[in-house]
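Enquirer: Have a look at the structure that comes next, please.
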Amino acid sequence: MKEVTIYTDGACSGNPGPGGWGAVLIYGDKRKELSGAEPSTTNQRMEITAAIAALRVLKEPCRVHLYSDSAYLVNAFRQGWLARWERNGWLTVKKQPVENQDLWRELLQVASRHQVEWLKVKGHSDNPENNRCDELARAAIAALRRQEIPSS
């Protein structure tokens with residue numbers, strides 16, 4: 001099974017507001033950068049969207065080390081939040097509907113093809129790949145504002 005390292009990040013200009021995401025995929029000496037934007041979204045949705053997009057681009061099942069500076073994204077897997085939400089019919093412990101449920105369900109489906117290790121990195125620090133993802137996300141927002149990226 002191929003081993004792939006992925007870095008992801010999401011950003012929002014206003015929350016909610018125009019948002020972007022970036023991802024860097026590394027396999028051996030190969031590297032791929034992805035990004036996208038939405039006209040009205042939240043930073044949390046962009047964090048999840050980055051992971052979905054990165055995992056979706058993998059053509060076969062892989063062993064993935066996915067790094068994100070989003071505690072929300074990483075802890076949903078590492079702390080068992082997603083499993084608990086599913087068991088509880090997508091309700092929080094306070095019996096409220098889970099936010100971003102559409103994206104969480106999509107991420108679970110896409111991630112199920114792979115062996116994913118969810119890893120937290122410190123945001124806006126000295127990690128060049130995480131910093132690059134942030135640059136990609138912010139550039140996607142800027143491009144959206146210039147109408148260079150069609151919104152989905």
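The backbone N, Cα and C atoms fix where each Cβ goes, glycine too.
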Enquirer: Given that Swiss-Prot annotates Asp9, Asp69 as binding Mg(2+) 1, state which candidate in Glu3, Glu47, Glu60, Glu86 belongs to that site as well.
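Expert: Among Glu3, Glu47, Glu60, Glu86, only Glu47 appears alongside Asp9, Asp69 as Mg(2+) 1-binding in Swiss-Prot.
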Enquirer: Within 10 Å of the Cβ of Asp134 (Mg(2+) 2 binding site), how many other Cβ atoms are there?
Expert: 20
Enquirer: With DSSP as the yardstick, break the domain 'RNase H type-1' (1-142) down into helix, strand and coil residue counts.
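Expert: Within the domain 'RNase H type-1' (1-142) the tally stands at 55 helix, 49 strand, 38 coil.
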Enquirer: Looking only at C-alpha atoms, tell me how far Asp69 (Mg(2+) 1 binding site) is from Asp9 (Mg(2+) 2 binding site), rounded to the nearest Å.
Expert: 7
Enquirer: Counting Cβ atoms within 10 Å of each candidate's own Cβ, which of the binding-site residues Asp9, Glu47, Asp69 comes out highest?
Expert: Asp9
